[in-house]
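Colleague: Sharing a structure with you now.
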């Protein structure tokens, strides 16, 4: 059985032979074969056949993944060291560097502008692309971005013929060994903590290229009038620190639409913003007595307002709706005032949160601040109206209590009047009885009616008239008291209805005008 297995492997591997010529056009793939030493007992080790290295690189499809495992690196290196490569001196990088006399810190390449005549102008091409919008701090007026910068200029000390150096048309050298323009960003407030790109790309025609990526923390004057539906434009300006226009001049890519499209394809993250476009223009400034060219890139972006709508605008609007609902509460208790004060304090907390977001140096009051102040004012008026209504109702309640006290004092006035007249009658009868006895002693008795009876009849009539007057007065006073007891309550109800109409109209007009102005800015 072992013999049959060995014979099968022998046929499968083509008889254990390999073709070392990997540059033959007929061979598109490398055939690797290996044998397993079953008799040794080490079945986990493979013995791959390593290709002979030539001058041309191996195509990807010709590389066996098993041959590039780390445990076989030392065998590959040993094989590579045994290969003799016929390399001429002219094909090395050092040959170009020696021809250019690049020896460490050569003053010709480092100390001054790379021109043969100082009257020659050094032109520097600059191109910037934005890779990420990292942060926008409205309160600090700061814009944090991650940018790519490409610079290219001519070094008159550098040139060579690529044909003399095996077609070498460019080499890379460290930035410390060659002059570089002293460009800076005007708006930058913090130095980039990351190290700049360490190499320069030098072309045979003298062009020097520098590519660098950096995080820029720059100032940006922001208009937050239409926050959170605002559109911001931040600038990044490049200029030389020391050189004037007579020595160094900047130029740029003038196609803004192409520049915008390239940045749109490059940008990876935009924080809470949407990148709209990027434009570039040139200006000349005169600082410290000499002119300088400044290349200004303007980045325009629009804020994503969805989160601010959900987290700020809608909650404040919901508080306003709760204030509307408070009109359904009773005006007789203190719960309504407590509820309105609680809602008013909630709006105050939202204003404090807004104060931390918006910059204090804004030229105009932001619309969102007007939104909060307007709703706060309307809710404050609603609270004052509730206090007024409760005061009127309380005043009416006091008059009702006073009337009840007066009624207790004036209970059963007719009984008192009847008692009074009964006493009068008794007095009259007693007096008339005494007078009659005296007259009987002095004069003879007559049949005519006594004067006492006439007085009694008159008094009874007076009593009846007084009772009628008392009844009429009581009826009139009761009607007046009934009217007084409900007067202030009626006034309070009318004020409440009128204020609800005014409140509804004011809220609708205020929100309509505000959202119209917000929409003018373009959502």
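Any Cβ shown, glycine's included, is placed from N, Cα and C.
According to TrEMBL, the protein carries these features:
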- 112-304: domain 'Neurotransmitter-gated ion-channel ligand-binding' (DOMAIN)
- 313-515: domain 'Neurotransmitter-gated ion-channel transmembrane' (DOMAIN)
- 1-18: signal peptide (SIGNAL)
- 306-325: transmembrane segment (TRANSMEM)
- 337-354: transmembrane segment (TRANSMEM)
- 366-393: transmembrane segment (TRANSMEM)
- 498-520: transmembrane segment (TRANSMEM)
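Distances, neighbours, how buried they are, the whole picture for these features please.
Modeller: Taken together, the residues in the domain 'Neurotransmitter-gated ion-channel ligand-binding' (112-304) have a mean pLDDT of 92 on the 0 to 100 scale.
Proximity of distant same-chain residues to the transmembrane segment (337-354), defined by a Cβ-Cβ separation under 8 Å and at least 6 residues beyond the stretch ends, is recorded for 312, 315-316, 319, 322-323, 326, 329, 368-369, 372-373, 375-376, 379-380, 382-383, 386-387, 390.
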Colleague: Quickly jot the same-chain residues contacting the transmembrane segment (306-325) by Cβ under 8 Å, restricted to those at least six beyond its ends, or write none.
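Modeller: For the transmembrane segment (306-325), the nonlocal Cβ contacts are 227-228, 272, 339-340, 343, 346-347, 350, 353-354, 368, 371-372, 375, 378-379, 382, 503-504, 507.
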